[in-house]
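Database features, via Swiss-Prot:
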ACT_SITE  117  active site, electrophile
ACT_SITE  218  active site, proton acceptor
BINDING   25, 26, 27  substrate binding site
């Protein structure tokens with residue numbers, strides 16, 4: 001287990017009190033106008049199904065260009081669906097063309113942000129003139145750690161995605177990468193002024209192994225396959241993650257209407273991250289209903 005550290009944390013009993021979550025990652029689907037009709041339909045279908053929002057949180061992850069439309073609709077119609085972004089910059093501001101800062105996402109009332117998704121990790125890191133970019137170039141775990149800290153600073157809950165980079169990877173390799181991200185996070189946190197300056201007085205620091213984030217386990221062999229990983233492997237991974245640090249764990253990869261309930265209702269899991277099966281509001285509502293019966 002990693003040594004005690006000063007990280008942004010939640011109260012010690014928070015995880016036992018928090019509800020499970022079903023999240024839909026839209027990826028590069030559904031434009032800003034479609035997002036409005038999608039959320040309206042999903043909301044009334046959930047209400048019509050008698051969904052208990054106090055027992056199970058529903059969240060969606062639209063493309064960046066949809067977020068303002070989603071924010072406006074959720075606020076105006078008092079919709080009880082959470083939302084977040086699919087990625088965030090490792091930098092707070094500056095000359096970083098095409099990147100979106102955590103504070104920009106906070107200004108759009110994002111509750112969550114996905115970090116380290118396998119479809120992002122496979123993108124090449126291009127070198128730049130900025131020394132900070134060069135330092136992070138080809139160091140994905142360090143980059144991810146910086147994104148986590150920017151999210152903490154903005155008051156957004158990150159969902160750290162971990163999994164084998166290739167189907168040939170093993171259980172221990174996935175956990176090794178998770179430990180590597182945490183080690184980078186600790187190293188950055190220990191640098192003079194880096195955390196205090198970034199987070200100011202908004203976040204308290206305690207010696208704790210409980211991070212204010214979620215972890216989504218997404219094995220590459222299951223993503224976009226339509227088939228979940230073996231339930232035994234999922235539970236084993238969730239237990240191992242929670243043994244390293246006290247976080248809520250989601251499962252993602254091949255989740256669909258027919259397997260979602262079995263995965264969602266595993267005792268060690270705190271929810272599921274759904275991809276393709278969340279792109280149709282009616283289908284997603286049906287999936288949610290099967291999980292929450």
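Here, residue 1 is simply the first one shown, and the rest follow in order.
Just so it is clear, glycine is given a Cβ too, placed from its N, Cα and C backbone atoms.
Where Swiss-Prot records a feature, it is marked here on the structure.
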| residue | record | CB count, 10 Å |
| --- | --- | --- |
| 25 | substrate binding site | 25 |
| 26 | substrate binding site | 20 |
| 27 | substrate binding site | 17 |
| 117 | active site, electrophile | 24 |
| 218 | active site, proton acceptor | 27 |
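A separation of roughly 8 Å, to the nearest angstrom, links the Cα atoms of residue 218 (active site, proton acceptor) and residue 117 (active site, electrophile). Across the structure, residue 117 (active site, electrophile) and residue 26 (substrate binding site) place their CA atoms 13 angstrom apart.
Within 8 A of the CB centroid of the substrate site residues 25, 26, 27, the other residues of that chain are 24, 28, 29, 30, 61, 62, 63, 86, 275, 278, 279.
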